[in-house]
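Take a look at the structure set out below.
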Amino acid sequence: MDTAKSLILCTVLAACLGLAAAAWSQGTATHYGGADGSGTMGGACGYDNLYNAGYGVLNAALSQTLFKDGASCGQCYLITCDGSRPGGQNCKPGNSITVSATNLCPPNYGLPNGGWCGPGRPHFDMSQPAFENIGVYQAGIIPVLYQQVQCKRSGGVRFSIAGSSYFLLVNIQNLGGSGSVGAAWVKGDKTGWIQMSRNWGANWQALAGLVGQGLSFAVTSTGGQYIQFPNVAPAWWQFGQTFTNNNLNFAY
């Protein structure tokens, strides 16, 4: 009986290890933004100051293939240098780093096939501080293995409000769990729930006049978790302000 249990356990462990191994994908990585990462602030997700938005300097711009027109904004990726491939001599063996997706690395059509961030290429243009955890700075580019992982954030989801009298544009930031927004809604004091749509990056829009009303939000993460954030912004909110709802955040 003990032998049978051991065989079953070994089979389960082997299957789990196989799944873990299969979760890694091959890609490449470069770096940008300078030694302090200050050049990575802003970007195609619309987060502006990455420290204020909850992401900090351990971030990366994703190639088109990974960025998915902004649907990947805020996601977390575990990256390690792949010493088994050409360029692997520039790895720092045994090291890995988790980065947040905060920007797009666009194709460069002045180079063959659009360069490293060309169509079909999984590539991370990492902040220099993040890159130097896993690779030698002078190498410029290294082969990597990566997988999407759960994000661990401090504090609650943040809602940064822009727009005009009849147009609301909200940058949704600092998601835990899957890290990215799959769907969003807004509700004023005098309205029901209004479906929002992605405008660009992590910016979600509603064609509604909500000035002078308190705002509540609801978000479904790309992991499938739905959370309502009641009474996030008071009726006196103004464009350019950012609000959060205590420590309410996503687990998946």
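Quick reminder: no glycine exception, Cβ is built from N, Cα and C everywhere.
With DSSP classes pooled into helix, strand and coil, the tally for the domain 'Expansin-like EG45' (42-156) is 20 helix, 37 strand, 58 coil. Sequence annotations record features per position, and here TrEMBL assigns domain 'Expansin-like EG45' to 42-156.
Per TrEMBL, domain 'Expansin-like CBD' is recorded for 166-245. Across the domain 'Expansin-like CBD' (166-245), the prediction's mean pLDDT works out to 97.
The signal peptide annotation in TrEMBL covers 1-22.
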DSSP-assigned states of the domain 'Expansin-like CBD' (166-245) in counts, ordered helix, strand, coil: 0 helix, 44 strand, 36 coil
